[in-house]
Amino acid sequence: MPILTLRGVSAAYDHHTVLSGVTFALQEGDTLAIVGPNGSGKSTLAKAILGLLPLQSGSISWGEGISPRQIGYLAQQTQIQKDFPASVQEVVLSGRLNHLGRRPFFSREDRRAAQKNMVRLGIDALAKRSYRDLSGGQQQRVLLARALCATEKLLLLDEPATGLDPLVTAELYQLIDSLKKEKGLSIIMVTHDIAYAVSSATKLLHLEEKPLFFGTPEEYRRSELGRRFLGGESHA
Amino acid sequence: MLELFADLFSYSFMSRAMIVGVLVALCSALLGVSLVLKRYSMIGDGLSHVGFGALSVAVAMNVAPLQVSIPVVVIAAFLLLRINSDSRIKGDAAIALISSSALAIGVIVTSLTTGLNADVHNYLFGSILAMSESDVVLSISLSVLVLLLFIVFYHRLFAVTFDESFARATGTRCSVYNMLLALLTAITIVVGMRIMGAMLISSLVIFPALTSMRVCRSFRGVILCSAVISVLCFFLGMFASYVFSTPAGASVVVVNLAAFLLFSLVGKCRRA
């Protein structure tokens, strides 16, 4: 039983169709890496899955027990966030917003969940620190903790390693891998890092405005496209 | 000192201005934090000019000023928000366009009817004599409404301010909260404009937020700090205006400026 099924999804951004004919199904526990060159519609697809963009055609359906409102979304950082005065705790807690319903304030349970995720990502000591004073890697952990607060099932990571140095990137990848094992999370990840995609994903989608490949990393490595793309970017 | 305070409040117009002013200072400080962080500061400025236009037309038509300007400014707020979300650069220019046009229309309407007199001056730069008894009741109820709505939606406003796409992805209807923000700002600006003046009211929105951001580290800290700073600066400004016979609105702004400079210095020293 797939948790997420896309059928012929097309989406537009600023009135330009940048994505068409995307069809795939994601099983529980899958890690899907979405790869492709810049401007190939990777982030657009992520936004379409999240319901942030209206679909031009096609459909997205969700499996039982998961709603599109319960995706842990790790977005690319915005300019506004970089100098935003908010404590780590406030940012992480805001991930529980989808649990609020009609209540105006967070419950003790919400606070406990936030605390648990901060401990899990090793940022509980930073709880009172200001988000804007943290390093890029720490900020990314904070946003990941917030994403975990929002979901039990599915993380969607949009270029999680952007702007991080290689060492911090490796740490972040380790963290994501261990979360996956521990919590049985499914993951959708938009990434430039083809080497990581091939090594850690169970499914791989190569986009260049339309899907050119969908399958396992093994199959991708053997395919013409995969050989070209992997060969061309082996230095990255 | 105490005598001076007693003196100050012995005038009924003064206590009216004080009550409304403190409430407006409080509301604008709370809203200002979100507006500044969302890069919406210009909207506050634009709205106050629109408010001036609406106010002049209302006076010319001899109808109650608050009842006319509030709906007009609320509509303008929604419009500005729409423009701003389309594209940033275009939005900036559009706000300048709308605000100067509203100002021009206001000035023309006033000069054609009552003539450019003390009234216009009062609208532009504020007057503590502006509030009538019925204005005070309406202003107080509106301010209390703004405060209540802000508190009830506090966590959602934070999420929408910090990260709109995350908030939307987890099911928060951001456009509703952006509209709420614009609505509350519009009300606050119209209510405060009479005392502070159309030219100066937007400083009440922007200054306390910027000032507290120099020093505070959490969102809640910034909110609480701006509320305190804003009310305190309003008091000090009114007090100074009484003692030195300076214009009330302008005095409040200058006190806010002083607080901003002081906090900037403290912030710099802390970081160094």
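The backbone N, Cα and C atoms fix where each Cβ goes, and this holds for glycine too.
Small disclaimer: the values here were computed from a predicted structure and weren't measured.
Sequence annotations record features per position, and here TrEMBL assigns transmembrane segment to B:17-37, B:57-81, B:93-116, B:136-154, B:175-193, B:223-244, B:250-267.
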- Feature contact check the transmembrane segment (B:175-193) with the transmembrane segment (B:223-244), CB under 8 Å, 3 or more pairs: no
- Establish whether the number of Cβ pairs under 8 Å between the transmembrane segment (B:136-154) and the transmembrane segment (B:17-37) reaches at least three, counting only pairs separated by 6 or more residues. yes
- Tally Cβ pairs under 8 Å between the transmembrane segment (B:17-37) and each listed stretch (B:57-81, B:93-116, B:175-193), then give the stretch with the top tally. B:175-193
- Item | Cβ contacts under 8 Å made by the transmembrane segment (B:93-116) with residues that lie 6+ beyond its boundaries | 42-43, 45-46, 48-50, 52-57, 59-60, 76, 79-80, 83-84, 123, 198
